[in-house]
Amino acid sequence: MPPQQAVAALPARASSNLRLGLLVPAVAAVVALALLPVFTSGYVVYVANVLLVYVVLSLGLNLVIGEAGQFSLSHAAFYGIGIYAAALGNKLLGLPLVGCLLLAGVVAALLGGVIGTIALRMRDIYLALTTFAFGEAMQWLFLNWEPVTGGPNGLRIPPSSLFGVEILNDKQAYPVVLGVALLMLGATVVISRSRLGRAFRAVRESDVAAMAMGIPVRRVKIMAFLLSAFYAGVAGGLFATFSTYIHPESLGFQTTMTVLTMVVVGGLGSTGGALLGAVVFGLISELLRQAPAVQEMTYGLILILFMMFVPRGLAPAVSRWVRGRGHV
Amino acid sequence: MIEVENLTLRFGGLVAVNDLSLVVRPRTIHALIGPNGAGKSTTFNCISRLYRPTSGRIRVLGRDVSGLRPQDLAPLGVARTFQNLELFGGLSVLENVLIGAHVHCGGGLRERLAARPPAVIGHVEHLLERVGLAEFRHAQASALDFGRQKMLELARALAIRPRILLLDEPAAGLRNREIGALDRLLNELVERDGLTVLLVEHVMQLVMAISHRVTVMNFGARIAEGTPAEVRRDPLVVEAYLGQEAAHA
Ligand SMILES: Nc1ncnc2c1ncn2[C@@H]1O[C@H](COP(=O)(O)OP(=O)(O)O)[C@@H](O)[C@H]1O
Ligand SMILES: [Mg+2]
């Protein structure tokens, strides 16, 4: 076989092995995750909750940047909108947990759709700057719209309730957070493989060609922003289920950069990468929380090192490794 | 199938297409030739609505295209390729062609969610066989050699199941053997599948062999039209091409 053909044939053979090889560990991982609160302390469960929120955030950011190739730097704003929407839905409307999560997702998605529509006029650095400015403006709003957000005093989030039971601690919230995160992960896999997912990638690779294939490029771009914001909103809703307090300080560009770093570390454009990046990088940042001075520098360093040496992220390397083992 | 009437497009002071009229008859291969910069690609871009003409009218399949957006042409059955390759380079060969079938994957929810939509996957695989790329289906498009990238663009366009195919220099950069395969494929598409082809091409060997009709452009305007044999004898055409050769020398 000429070398080029060998290269072409390789992934085809490996993919079925890969699927089987991944199914068993995946099921085992889900079972282990479900049993986590039985074996571990409240702190570990808290960290798990935080990581799962990061997973949902990363999945959403990867949809718009990784899959659709549209630079969006307002993820933290949509996340914040989700937190406030869920908290206020609970506090003012007395919505149950599922209602709060949906409200969080839908409000964020609507705003995402608006931003997406505005973003149609821009690309690249202009788009990045505009979405950045929107994120800053939203943070300003969170800080100054005191009657609604509590402004600089922050907002106390009352315990949410699921089927009449109040969720008072991390362990009680965990099954909900895990369940929703897995649901979002499943949805991401389905979307990525679907006609819409292909349209996202087509727009990313060449919007002129995408148009020639009959893809409504504008609608697809808006959809990417909208979906991505929905994920961020739901992530915010999840955060609200296990948190008692939210302050706008944590809803700025720093948080967007953290999620962006997760997606880049994992591998832009790969669902598995977003998952992996959120977990690995989320753990690192939790470890570094004790030393906040080092934290930001370390983030920057990790991002630079990955851009230089692993520009495609962890995902391709890991899947090569898994594939390699499948052959032995 | 395609009627272009008094098409003019100016870029600032430059008249890229100058009062061009052209009729492409059903089930024919109509070649559009002329020196570099003559306005051939610009004409294509007007037909596929990437450019808005300054004046003139274009009808495709009996429809005035002036109200259409670029993405409205594929559903009508008009497909195109690009002179400077516009593949989805980071995606696999298979996915490129699957995206070509986008307008046929919109049936029910199951069809929309399917990674390999049953209604199109057979046709997509068949097209990959037909252009000789079946064994490369999982390769990344940008990793293919140039000739195969050109064939992939053609397969992707055919996945639209078009009635009209606009090809912008499909043979440029191909080897002789590949040009032979392209020649056979285009003939088959017209004779057997009933397509209509508007072909911009510099490879005269291909143009003369397969075209039913040839329109020659220079400086945005039509300078000749006829059968390949008629056009070849036309003094204006000879002069346009000789002029170019002289300029290159
Ligand atoms: N987008 C554009 N903006 C300005 N000038 C253009 C543009 N596209 C093409 N042109 C000019 O229009 C003329 C015709 O170009 P083109 O249609 O690409 O020629 P051909 O395909 O026949 O080689 C050239 O002079 C080219 O420089
Ligand atoms: Mg051209």
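Here the Cβ of each residue, glycine as well, is placed from N, Cα and C on the backbone.
Bear in mind that TrEMBL entries carry predicted annotations, made automatically and left uncurated.
What TrEMBL records for A:20-39 (among others) is transmembrane segment.
Outside the transmembrane segment (A:45-64), and at least 6 residues removed from its termini, the chain residues within Cβ reach (under 8 Å) are 33, 36-37, 70, 72, 75, 78-79, 170-171, 173-174, 177-178, 180-181, 184-185, 188, 191, 200, 224-225, 227-232, 234-235, 238-239, 242, 258-260, 262-263, 266, 268-271, 273-275, 277-279, 281-283, 286. Under the heading transmembrane segment, TrEMBL lists A:45-64 (among others).
TrEMBL lists A:71-89 (among others) with the feature transmembrane segment.
Among the features that TrEMBL reports, transmembrane segment is placed at A:95-118 (among others).
For A:125-143 (among others), the entry in TrEMBL reads transmembrane segment.
Taken from TrEMBL, the feature transmembrane segment covers A:173-191 (among others). Long-range contacts of the transmembrane segment (A:173-191) within its own chain (CB-CB distance under 8 A, at least 6 residues past either end) are made by residues 30, 33-34, 36-37, 45, 48-49, 52-53, 55-56, 59, 62-63, 97, 101, 162, 167, 197, 227, 231, 234, 238, 241-242, 271, 274-275.
Annotation comment: TrEMBL describes A:222-246 (among others) as transmembrane segment.
The transmembrane segment annotation in TrEMBL covers A:258-285 (among others).
Annotation comment: TrEMBL describes A:297-315 (among others) as transmembrane segment.
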Quick one: do the transmembrane segment (A:125-143) and the transmembrane segment (A:71-89) have at least 3 Cβ pairs under 8 Å, skipping pairs fewer than 6 apart in sequence? yes
